[in-house]
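**Student:** Here it is, the structure, as structure tokens.
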Amino acid sequence: MGKLIPNTFNLLVVIAVALGSTACSYGMAVISSTIGQAQFYRDMDLAPQGSPGYDHTANMIGALNALNSAGSAIGAIFCAWSADKYGRLRSIQAGAIVMVIGGALCAGSVNLAMFLVARFIAGWGIGMLITTIPMYQAEVSTPEARGFMVSMHGVMFAMGYSLAAWIGFGCFFANPLSSFTWRFPLAFQMVPALLLLASSPWLPFSPRWLLQENRPDEAHDVLKKLHYNPKDSHERAAVAAKEFHQMKKQLEMDRQINAHTSIFELFKTAPNRRRAWVGFSLMFGNQFTGSLIIANYGVLLYISLGMKTYMPLLLSALWVTASFPGNILTAFFIDRIGRRIFMLTGLAGLLISLIGEAAMQAEFLESTNVAGQRAAIFFIFLFIFFWSTFLDASQYLYLAEIFPTHIRSQGMAFGMVGLYLGSIILLLATPVALEKIKWKYFLVLIIPTALHWVNVYFLFPETKQRSLEDINLAFGEKVAVHYYGATEAEEQEYSRAMEAENKQYGGPITTDSGKGEVTHVEKV
């Protein structure tokens, strides 16, 4: 654990900011329990499943999800500008505020039109947070701990899904004629966003953003505190100085190669175009495995498989809860095993799950064969094992790693646009497709998943055991100075730089009466 967690402060920073991850997943998933509450249909004047007029209901449910994703896409694009202009932390704070506003409007909606607008606003906040949080986590993590630290986004993301499902399940047993059954779960999405806002004044700016803004003294202070460990303070001071020097040198090189960063910087060079494709296709392709379909429409799937009363909501809650241990496994093993192996294994497992699900539904959907229906449910749960363990957290980690600092916000936004473009297509189509073509819909997911595996195998480089700056090598670019595998000349350069930076920035990390106090860190 020593290398996985450099110090308590670093861990608390990535967990505190991941409260926004919980807010995002809760806000995305809460609609799944909403459409499982009978009073919601009555309040919104919609026909429930199996009743005349359900075609209109299916279209409106698709619109509710698609508008949420559309808002998220716009929020992600907005962060391509705001995360560079005002910083990663300011963008996170702004996203949390938008989420609170959207959550309040969702819970207070008096008609379908208001609810549609509220879902769009909440989506805008989700897009801002889900784009900026993994980027911030990657930039405040030490190189050897980055996989573990950024995976906290996935762990807390899974927590949000679980909370949404269990709160929705609990509200099923409230007064069935009360709007509380669907309004309270929608209102609860404000809680993690408010907790994030409350903790944000104690979070540091990203040291890489500070360097980009020509504030090296503040960046140095933040980096020292992120690295500090009283058990090996001198070693960690050397590591912090080494990382700081590489960050500075690489930023200088990037600025020389790219005189300025424009909106088209992401597509100027062949390595950047490859990064753009990898990031976009990663997030777009992952959507077409069907994870979001099951997360958002699982209740409808279970109803079609013969589940009644509270069982669809219970199974939906169990399904999303099963994602929590999978994301924890990712955190502990992805730095050891590697990103490529995780993603390729996960996609292969999802392909098996989708084929099995299509076969079971083709044979037993809407039948009275209980064993066959349970087999179909088994493949749905096998799906979440592979998704949560190998893809859920790793996709955000990989996307946050592959872009250099000066275009990271653009790259993250472009990748997230891929995610939300895929989401809009699927979320609009799914309610109608499940009603009209039923099990054949799973055949639509099998081919894209297989093609996505091929794409990852041939085009996605490994990024484990590299600093963020060293990852340039994986895309055929030069690095100013190596962090891992440094030459003898580079090690000497690091030593000279450490001495110079200690003089310039106030000396190495020191303790105060053995209490481990550190130099000032900028607060916001």
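Any Cβ shown, glycine's included, is placed from N, Cα and C.
Annotations per TrEMBL:
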COMPBIAS  514-524  compositional bias 'Basic and acidic residues'
REGION    505-524  region 'Disordered'
SIGNAL    1-20  signal peptide
TRANSMEM  60-80  transmembrane segment
TRANSMEM  92-110  transmembrane segment
TRANSMEM  116-136  transmembrane segment
TRANSMEM  148-175  transmembrane segment
TRANSMEM  187-205  transmembrane segment
TRANSMEM  276-303  transmembrane segment
TRANSMEM  309-334  transmembrane segment
TRANSMEM  341-360  transmembrane segment
TRANSMEM  375-399  transmembrane segment
TRANSMEM  411-433  transmembrane segment
TRANSMEM  439-460  transmembrane segment
**Student:** What stretch, picked from 60-80, 116-136, 148-175, 276-303, 411-433, has the most CB pairs under 8 A with the transmembrane segment (92-110)?
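**Tutor:** Looking only at 60-80, 116-136, 148-175, 276-303, 411-433, the most contacts with the transmembrane segment (92-110) come from 116-136.
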**Student:** Among 116-136, 187-205, 276-303, 439-460, which stretch has the most Cβ pairs under 8 Å to the transmembrane segment (411-433)?
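**Tutor:** Highest pair count goes to 276-303.
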**Student:** Would the transmembrane segment (341-360) and the transmembrane segment (60-80) count as touching if the test is at least 3 Cβ pairs under 8 Å, pairs 6 or more apart?
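**Tutor:** In this chain the transmembrane segment (341-360) does not contact the transmembrane segment (60-80) - fewer than 3 Cβ pairs sit under 8 Å.
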**Student:** Taking the transmembrane segment (439-460) as reference, which of 276-303, 309-334, 375-399 has the most Cβ pairs under 8 angstroms?
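**Tutor:** Per the Cβ under 8 Å count, 276-303.
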**Student:** Does the transmembrane segment (148-175) come close to the transmembrane segment (375-399), meaning at least 3 CB pairs under 8 Å for residues 6 or more apart?
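**Tutor:** They do touch: at least three Cβ pairs between the two stretches lie under 8 Å.
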**Student:** Of the listed stretches 116-136, 187-205, 276-303, 309-334, which one has the most C-beta pairs under 8 A with the transmembrane segment (148-175)?
**Tutor:** 309-334
**Student:** Which residues, given as numbers and ranges, are at least 6 beyond the ends of the transmembrane segment (309-334) yet have a Cβ under 8 Å from it?
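**Tutor:** The answer is 4, 29, 32-33, 36, 147-148, 151-152, 154-155, 157-159, 161-162, 164-166, 168-169, 172-173, 294-295, 298-300, 302-303, 342, 377, 380-381, 384-385, 387-390, 392-394, 397, 464.
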